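Visitor: When I checked TrEMBL for this same protein, it listed these features:
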type     : residues : note
COMPBIAS : 9-23     : compositional bias 'Basic and acidic residues'
COMPBIAS : 467-479  : compositional bias 'Basic residues'
COMPBIAS : 485-508  : compositional bias 'Basic and acidic residues'
DOMAIN   : 355-435  : domain 'BING4 C-terminal'
REGION   : 1-23     : region 'Disordered'
REGION   : 467-535  : region 'Disordered'
REPEAT   : 276-317  : repeat 'WD'
Amino acid sequence: MGDIEENDALPKNKPSTEKDVSDELELRMKKYLRGESANLEALKDKKLKGQLAAKEQLYGKSAQAAAKAEKWLMPSEGGYLEAEGLEKTWRIKQETIAHEIDISGSRKQYDIILPELGPYTLDFTSSGRYMAVGGRKGHLGIVDMINLSLIRELQVRETVRDVVFLHNELFFAAAQKRYPYIYNREGTELHCLKEHGPVLRLQFLKNHFLLATINKFGQLRYQDVTMGSMVGNFRTGSGRTNVMQVNPFNGVVSLGHSAGTVTMWKPTSSAPLVKMLCHHGPVSALAFHSNGHLMATAGKDKKVKLWDLRKFEVLQSLPGHANTLDFSQKGLLACGNGSLIQVLRDVSGTQNYSRYMTHSMVKGYQVEKLVFRPYEDVLGIGHSMGWSSILIPGAGEPNFDSWVANPFETSKQRREKEIRTLLDKLPPETIMLDPSKIGTVKPKGEMPTKKEREAEIEAAVEATKGMKLKKKTKGRNKPGKMIQKKQEAVARVKRPYMEQKIQEEEKMSRKKQKTIEGVELPKSLQRFARKKASS
């Protein structure tokens with residue numbers, strides 16, 4: 001309640017004097033300060049007092065910088081539907097929202113009816129400026145969402161199962177009947193990826209420039225679109241699936257299978273990183289939160305489950321069925337089944353989702369795919385009769401970073417961004433469940449140190465020497481025989497340590513041999529190099 005009162009206390013008009021500006025900054029700074037400052041007068045240690053005073057000053061400067069950034073760099077604020085009294089937000093219709101918004105907002109509500117070419121699938125660029133559409137009957141197109149103008153459309157005259165943009169709006173991939181194809185913005189076919197076969201789903205990993213596909217034989221493939229090389233080709237072993245999604249946090253590809261399991265893959269491993277049983281029936285849809293720690297799954301057992309990927313535990317299980325799922329940038333979850341669309345919201349911030357909005361399509365329309373448009377409160381719907389767009393207040397991030405995704409970028413900025421992203425391209429080896437481990441210090445290995453090994457040998461030898469031998473029959477208890485038996489027992493204890501030491505030395509010598517062979521000698525010394533034995 002305190003934050004709301006502080007926000008309401010901010011002056012709504014533009015400040016006219018320096019005093020008004022300073023007052024507004026002080027109000028904004030209260031959100032970023034770390035509570036009340038420490039009482040430094042009671043301290044007797046002058047050095048500690050000076051250090052704490054410097055830290056308090058630094059905290060004040062950082063809070064002031066954050067308040068200035070909020071004022072000038074984040075002018076827009078997100079908002080949700082607020083119900084009054086006994087009113088429910090999920091009862092509010094799209095027609096009611098259209099009457100309360102401006103003309104530019106009402107243009108984002110539309111229906112494109114193409115019954116002969118559907119059902120349609122959609123994909124947006126990272127900035128939300130462009131949308132690619134693909135109809136099952138072979139219709140492909142690119143739409144500018146700001147001007148609502150059609151840039152290019154083409155008819156490929158065969159089945160189209162999925163479309164996805166590559167690193168920008170200039171290239172997109174389409175999963176067609178026999179092979180996936182790559183087209184440019186003008187509709188020209190650039191590549192036919194015959195190695196992938198009849199692909200059912202496509203996903204593009206933007207940070208790694210990898211195109212991931214799953215075909216109808218259950219084969220998962222990764223292809224580097226910059227070099228054209230095949231990075232990974234794995235047989236999943238779980239049969240045919242058309243449920244595929246990429247975790248935006250770590251780049252791990254997840255597949256939903258007919259046995260109710262979800263497997264997670266990376267391009268450098270032929271076995272799944274994780275295989276978890278999510279439903280007691282086939283998995284029908286899959287989606288990831290933008291933070292990468294929350295996964296939503298839907299199954300034929302008529303349940304929608306939310307999973308914590310840090311513990312691989314169920315956070316919430318909701319009744320209902322969904323053929324498609326999608327998370328918005330602000331964490332709203334859209335579920336589509338038949339002609340009904342539900343949007344769920346985490347009101348309390350404790351990963352407890354409840355119904356926020358509902359929308360019913362025209363009777364007979366079957367929802368194929370739901371996609372939230374980035375940086376807009378818009379939900380794109382691909383259905384059996386075309387595609388539509390509805391307004392979902394609070395879905396998109398209100399302030400975009402022009403260095404990350406600029407919907408108004410020029411061709412020069414696009415070229416510079418393309419070069420920058422290529423230079424920052426991540427290798428496939430960086431894809432892992434916890435990418436925060438990259439760059440950290442390798443933990444101490446399990447191999448004991450030399451001192452620990454010597455101490456262990458000495459302790460084992462002392463224990464052997466102190467062991468009492470059994471008394472034998474006459475003639476076998478001589479002192480010489482007893483000493484010999486003790487020496488044999490000590491040798492038996494030392495043997496495994498000595499064998500391990502010999503193996504390590506051999507391993508080190510082989511490594512040295514390889515490095516020596518790998519070093520190319522100068523021409524004047526090459527005649528003295530050891531020649532390899534001819535086989």
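Placement of Cβ uses the backbone N, Cα and C atoms for every residue, glycine included.
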Visitor: Residue list, the compositional bias 'Basic and acidic residues' (485-508) vs rest of chain: Cβ under 8 Å, 6 or more residues beyond ends.
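Guide: Residues 453, 456-457, 460-461, 464-465, 467, 469.
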Visitor: In the same chain, who gets a Cβ under 8 Å from the repeat 'WD' (276-317) while lying at least 6 residues past its ends?
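Guide: Distant Cβ neighbours of the repeat 'WD' (276-317) are 241, 243-250, 254, 256-262, 323-327, 329, 331, 333, 335, 351-353.
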Visitor: Could you tell me the mean pLDDT the prediction assigns to the domain 'BING4 C-terminal' (355-435)?
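Guide: That region's mean pLDDT is 92.
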